[in-house]
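One structure is given below, encoded as structure tokens.
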Amino acid sequence: MSFMRGGSECSTGRNPLSQFTKHTAEDRSLQHDRVAGPSGGRVGGMRSNTGEMSQQDREMMARFGAAGPEQSSFNYEQMRHELHNMGAQGGQIPQVPSQQGAANGGQWARDFGGQQTAPGAAPQDAKNWNAEFQRGGSPAEAMQQQGPGPMQGGMGMGGMPMYGMARPMYSGMSANMAPQFQPQQANARVVELDEQNWEEQFKQMDSAVGKGKEVEEQTAETATATETVTETETTTEDKPMDIKNMDFENIWKNLQVNVLDNMDEWLEETNSPAWERDFHEYTHNRPEFADYQFEENNQFMEHPDPFKIGVELMETGGRLSEAALAFEAAVQKNTEHAEAWGRLGACQAQNEKEDPAIRALERCIKLEPGNLSALMNLSVSYTNEGYENAAYATLERWLATKYPEVVDQARNQEPRLGNEDKFQLHSRVTELFIRAAQLSPDGANIDADVQVGLGVLFYGNEEYDKAIDCFNAAIAVRPDDALLWNRLGATLANSHRSEEAIDAYYKALELRPSFVRARYNLGVSCINIGCYKEAAQYLLGALSMHKVEGVQDDVLANQSTNLYDTLKRVFLGMDRRDLVAKVGNGMDVNQFRNEFEF
């Protein structure tokens, strides 16, 4: 499979801009919000179709090409007066030939040949620099001789006139101006000092400077030596040196703090499998999430077993916000409760609160690295937030935990993979999951989780048809899994099959009516087909399920901004700006019940 989407390899030798494109094709997926589809602006930007030149343009081009040296746009008359005024204080400056006179080649050659270059660069001869400056060639002449050729040639780059003309203009000036300046340099070297005289003069100047430096260095060395002797004498007289205890004790303490205290961590990192090191590399190379923010008002803090209450709420279809509070109480009572952290993360993800879900799932994996459910849920959350490399590395860790023989065999063939971009990492992890899927090809013992992992990988690479096949294969094994139906619906929606996606979301809500994310996705699909009122009803229904009895929405630590922002879009699509003003954190959803059913 090929995962390269760019076409920068075509004609790279003829188009320098394609080389620039290759430098900008680095993986920055950790800095993006979502997986974006192909940009519609590329088609317009690469157009090279140009219309036929009009008669007005032809006349303008003819006038421009017929312009002689007399119509130059470079006028140095004002600069000549400025230089004359500046040099009047130090001496008389020779008159600069006018621009029209400069165009006379014979007179200019006689003036140029009659000049003499100053043999030295002493400060008293600084007034001669003005004369030397005046003897330089006129850039205006070079532009007049050059003509409009390079600019016209550069305007033909399809859709990119500025980049197309910049490089030819620069190269044209260099090529045409270089022959004009080379004779000046050759004539100037005739009156320069010969090699022997130049070396003698340089030695004299270097000797004068060296003597000053030598005196300064000797003075500094003397002062340093005196200061060192004084410090040594004071130390010897006031406090004898204790060689046995002076330095070694401090060195040993620093060694204990910096090395021995971190020995376990260092050994764990050194002895850990290669896939484990890759996991830490890719997951840590993203924006760090803060610690999980707990709700202040939690009615389950006084309950003796809040974890049990949370599990019951999830299994019986209770409100996800209440189940999240129960799991929060459980982890606050026991911060090392890995299963509670994992269920809290899964609950928040289903409640359309991705950030707290990632924080909780990462905490679970830190406590229990082999928690397969948390690893799979975390990879999905990473994908939703656009952290694709972290998602792929998490899937590899999941596979290494459940199918170590597949990963170990691949690692033995290529122990250390080095730095990989998004496409290389995706290709390698996808190949590993395909090998794992081939372990049960008959379909009877198919691993639904392997199919889910493959579906997430294909989804991240925008291969939606393959992802749909994988999720359908997983649903064939677990037809009552609401999560699978929701993931199938999201994949169908991204492949522009909104009607089929709506059916999948309905199935997910039929299995779990409190599934807030499925309601949110259903509202988005309704927006895509222009059913704004139905979309508003689903979004308002999802927001109503965030309501917790006895707790105000505006004081919740974890809120879903996606729901509020999408609801505003719906009201704008309905041209109901009066309703847009009512949407915000802490709003009372009951105020919309007069117009919407939810």
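Just so it is clear, glycine is given a Cβ too, placed from its N, Cα and C backbone atoms.
Under the heading compositional bias 'Polar residues', Swiss-Prot lists 9-22. Annotated compositional bias 'Basic and acidic residues' per Swiss-Prot: 23-35, in sequence order. Per Swiss-Prot, the feature compositional bias 'Low complexity' maps to 220-233. Taken from Swiss-Prot, the feature ubiquitin cross-link applies to Cys10, Lys22. The region 'Disordered' annotation in Swiss-Prot covers 1-54, 135-154, 208-237. Among the features that Swiss-Prot reports, repeat 'TPR 1' is placed at 304-337. Residues annotated as repeat 'TPR 2' in Swiss-Prot: 338-371. What Swiss-Prot lists as repeat 'TPR 3' is 372-409. Feature annotation from Swiss-Prot assigns repeat 'TPR 4' to 410-447. Summarising the annotation, Swiss-Prot assigns repeat 'TPR 5' to 448-481. For 482-515, the entry in Swiss-Prot reads repeat 'TPR 6'. Look at Swiss-Prot and you will find 516-549 tagged as repeat 'TPR 7'.
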**Item:** the repeat 'TPR 3' (372-409), counted residue by residue under DSSP: helix, strand, coil
**Value:** 35 helix, 0 strand, 3 coil
**Complete:** Secondary structure split (DSSP) over the repeat 'TPR 6' (482-515) reads 27 helix, 0 strand, 7 coil
**Asked** How about the repeat 'TPR 5' (448-481) and the repeat 'TPR 7' (516-549): at least 3 CB pairs under 8 Å, pairs 6 or more apart in sequence, or not?
**Response** no
**Complete:** Within the same chain, the residues 6 or more beyond the ends of the repeat 'TPR 6' (482-515) and with Cβ under 8 Å of it are 317-320, 350, 380, 448, 452, 455, 459, 462, 464-465, 467-468, 471-472, 474-475, 521-522, 524-526, 528-529, 545
**Complete:** Near the repeat 'TPR 2' (338-371) in space but 6 or more residues beyond its ends, with Cβ under 8 Å, are 289-293, 307, 310-311, 314, 320-321, 323-324, 327-328, 330-331, 377-378, 380-382, 384-385, 397, 401, 483, 515-517, 520, 542, 545-546, 558-560, 562-563
